[in-house]
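**Q** Handing you this structure, nothing more for now.
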């Protein structure tokens with residue numbers, strides 16, 4: 001059977017998008033492994049991980065269903081059993097993607113109640129409109145070649161796929177604009193390089209999501225005003241774009257959260273020394289290879305503590321930076337412990353002043369990257 005030009009274009013586009021989706025799935029397997037591995041620090045499955053699993057595998061099922069329905073040959077009876085599955089997973093995928101965008105913006109607003117109410121109301125209205133547009137008033141039908149299964153609108157209804165794409169564009173525009181407002185504020189007031197880098201990463205991810213998803217939605221709106229053969233050509237493109245961009249947002253947030261946790265795991269312990277003998281011992285101790293070796297302290301030409309203070313106005317601050325690896329069971333119990341190191345510094349005499357500072361910290365569980373607010 002020879003396909004018409006529109007059907008050939010739709011077929012090539014579907015094959016290309018399926019290949020892109022498969023390639024992205026393979027190259028993100030290491031990031032998926034790191035995502036799952038990081039969950040041990042929560043003591044539970046975090047919301048970000050649940051959303052990652054949902055968007056990843058709902059999208060895989062959706063792309064596979066789209067390919068089976070498009071490339072398969074069906075009778076009308078078989079079409080009745082299949083035709084509603086792709087739109088169901090299509091709406092589920094978009095709901096997860098829009099939820100990620102909404103909760104990201106809500107946390108950027110520092111969980112502002114008015115912002116949360118606006119996003120929730122807009123999200124619910126968008127989801128209802130998308131379910132109605134994709135599910136209501138549909139009937140199974142075959143294409144002009146009587147081989148491919150499609151959904152046909154009941155005559156006289158004004159809902160359709162164009163409603164789905166229009167409300168999606170409106171939601172993405174409003175929520176992305178709100179998130180950019182907060183990201184710009186955080187970017188220009190950033191006090192550390194980490195906050196500046198994470199803010200810039202979130203801006204790029206948000207902008208990439210908005211541009212690509214909006215472009216595919218507009219493309220589908222244009223296609224739905226053309227012939228029947230080309231109307232479904234851009235649907236698979238929308239599936240894959242939503243999949244890739246949404247999981248990219250979640251992966252980047254998780255990587256930033258892990259980096260922040262690794263930086264926070266370094267603890268500095270300091271000791272201030274004001275005694276001449278202890279200063280000498282501390283300096284020499286850095287180069288001692290054998291701790292059991294006996295060495296002679298230098299003889300200082302001083303007779304009293306007062307003279308030592310006058311002649312040698314020396315203060316030395318010794319610091320050690322340690323990397324602390326916290327076990328998951330400690331994180332779950334919130335155990336408070338003192339992080340100390342075995343001191344090899346010489347003890348100061350009664351005539352000297354020496355302070356040994358340690359930091360007592362309550363072990364904190366890692367933040368869910370989806371719940372992180374950039375401050």
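Glycine is treated like the rest: Cβ placed from N, Cα and C.
Okay, these came from TrEMBL:
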{"type": "DOMAIN", "residues": "13-60", "note": "domain 'DUF6533'"}
{"type": "TRANSMEM", "residues": "12-33", "note": "transmembrane segment"}
{"type": "TRANSMEM", "residues": "45-71", "note": "transmembrane segment"}
{"type": "TRANSMEM", "residues": "83-103", "note": "transmembrane segment"}
{"type": "TRANSMEM", "residues": "115-133", "note": "transmembrane segment"}
{"type": "TRANSMEM", "residues": "162-184", "note": "transmembrane segment"}
{"type": "TRANSMEM", "residues": "204-224", "note": "transmembrane segment"}
**Q** In the same chain, who gets a Cβ under 8 Å from the transmembrane segment (162-184) while lying at least 6 residues past its ends?
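**A** Contacts of the transmembrane segment (162-184) (Cβ under 8 Å, skipping residues fewer than 6 from its ends): 91, 94, 98, 101-102, 104-105, 108-109, 115, 119, 122-123, 125-126, 129-130, 132-134, 199, 202-203, 206-207, 209-210, 213-214, 217-218, 220-221, 224, 374.
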**Q** By DSSP assignment, list the helix, strand and coil residue numbers for the domain 'DUF6533' (13-60), in that order.
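**A** Split into helix, strand and coil, the domain 'DUF6533' (13-60) gives 42 helix, 0 strand, 6 coil.
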**Q** Go through the chain and flag residues at least 6 beyond the ends of the transmembrane segment (45-71) whose CB is under 8 A from any CB in it; none is fine as an answer.
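**A** Distant contacts of the transmembrane segment (45-71): 10-11, 14, 17-18, 21, 25, 32, 35-36, 39, 82-83, 85-86, 89-90, 92-93, 96-97, 99-100, 103, 148-149, 232, 235-236, 239-240, 242-243, 246-247, 250-251, 253-254, 368-371.
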**Q** Find the average pLDDT over the domain 'DUF6533' (13-60) in the predicted model and report it.
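**A** It averages 90.
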